[in-house]
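K.L.:
Sharing a structure, written as structure tokens. Questions coming.
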Amino acid sequence: MSVKPYIGRFAPSPSGELHFGSLIAALGSYLQARALKGQWLVRIEDIDPPREVPGAADAILRQLDHYGLHWDGEVLYQSQRHEAYREALAYLREHGLSYYCTCPRSRIQQLGGIYDGHCRALRHGPENAAVRLVQTHPVMAFTDKLRGDITADPALAREDFIIHRRDGLFAYNLAVVVDDHFQGVTEIVRGADLIEPTVRQISLYQQFGWQAPDYVHLPLVVNPDGNKLSKQNHAPPLPEGDPRPVLVEALAFLNQPVDDDWRALSTETLLRQAVEKWDLSAVPAAAAANPAFSNALR
């Protein structure tokens, strides 16, 4: 049996520029793909206009290029993929795998945050309604190539989750599965904050009859308060100067070796050596870093 060529990806949302936490996800996925002689794709997940920052998508691509993380092929923009998402929704609808839900958020909050399937048998129409997936065979666990077997919260795994929002926007879980399948992604390397929705995404793969990719969830960078470094927490953008000190700090965060003479290396050579020495098994499952570097190294 032939082995599928490796295809990895980095898929940021344009809600702001990349920060050190974003770099960890980008660098980890890049090194894994290059070490396995595979492709590394970039996708801009611009399906939530209210959260997007004008110019952020272009800024992200410039940052990746500045840090030597050069992608293969054309960048895919989710904003240009609406027809594919509509086709996916139609397929699920035609096969009885989705339904319209008019329950307000307040009702679900009263239930403790987990939806109870109230609208599944009510045959609502599309007006002022979200679309939910029928969880016929919920995925209760999956294997992470870094963390081993991960068991989901049973209530979360069984929930009929939203795949098309009431406001007309496509839900993240639907779009990411449709696009990863379309792009032939064989392994997803991303941050540990996305462990929770993984079982939902695998269940969507099964509903479509597609093979799910492998998963690797990297450790998250946290700020001194213990919160995930994020755009919402006002994480500073990556420095615009010499990328090498920041790349070295990112490699150290991922527990990867770096030569003492790295300052004599070009960015290209530094990354090439990082690819040659890449060891996924050395990456810690949990780690923390103080993002103050981004001010100190400007």
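Quick reminder: no glycine exception, Cβ is built from N, Cα and C everywhere.
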K.L.:
Determine which of GLU45, GLU127, GLU159 appears in Swiss-Prot for the same L-glutamate site as ARG9, PHE10, ALA11, PRO12, SER13, TYR172, ARG190.
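P.N.:
Swiss-Prot names GLU45 for this L-glutamate site.
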K.L.:
Kindly point out the range from 143-147, 163-167, 228-232 that Swiss-Prot annotates with motif ''KMSKS' region'.
P.N.:
228-232
K.L.:
I'm trying to understand the geometry here, so how far is the Cα atom of CYS101 (Zn(2+) binding site) from the Cα atom of ARG190 (L-glutamate binding site), in Å to the nearest whole number?
P.N.:
31
K.L.:
Under a three-state reduction of DSSP output, how is GLU45 (L-glutamate binding site) classified: helix, strand, or coil?
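P.N.:
For GLU45 (L-glutamate binding site) - judged by DSSP and reduced to three states - the answer is coil.
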K.L.:
Provide the number of Cβ atoms within 10 Å of the Cβ of TYR115 (Zn(2+) binding site), excluding the reference atom itself.
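P.N.:
Counting Cβ neighbours of TYR115 (Zn(2+) binding site) within 10 Å gives 21.
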K.L.:
Quick check: which same-chain residues outside ARG9, PHE10, ALA11, PRO12, SER13, GLU45, TYR172, ARG190 lie with their CB within 8 A of the centre of the L-glutamate site CB atoms?
P.N.:
ARG43, ILE44, VAL176
K.L.:
Going by Cα-Cα distance, pick out whichever of the binding-site residues CYS103, TYR115, CYS119 is nearest to PRO12 (L-glutamate binding site).
P.N.:
TYR115
K.L.:
Please list, in sequence order, every residue of the chain apart from CYS101, CYS103, TYR115, CYS119 whose Cβ lies within 8 Å of the Cβ centroid of the Zn(2+) site.
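P.N.:
Other same-chain residues with Cβ inside the cutoff are THR102, ARG107, ILE108, ASP116, GLY117, HIS118, ARG120, ALA130, ARG132, ASP160.
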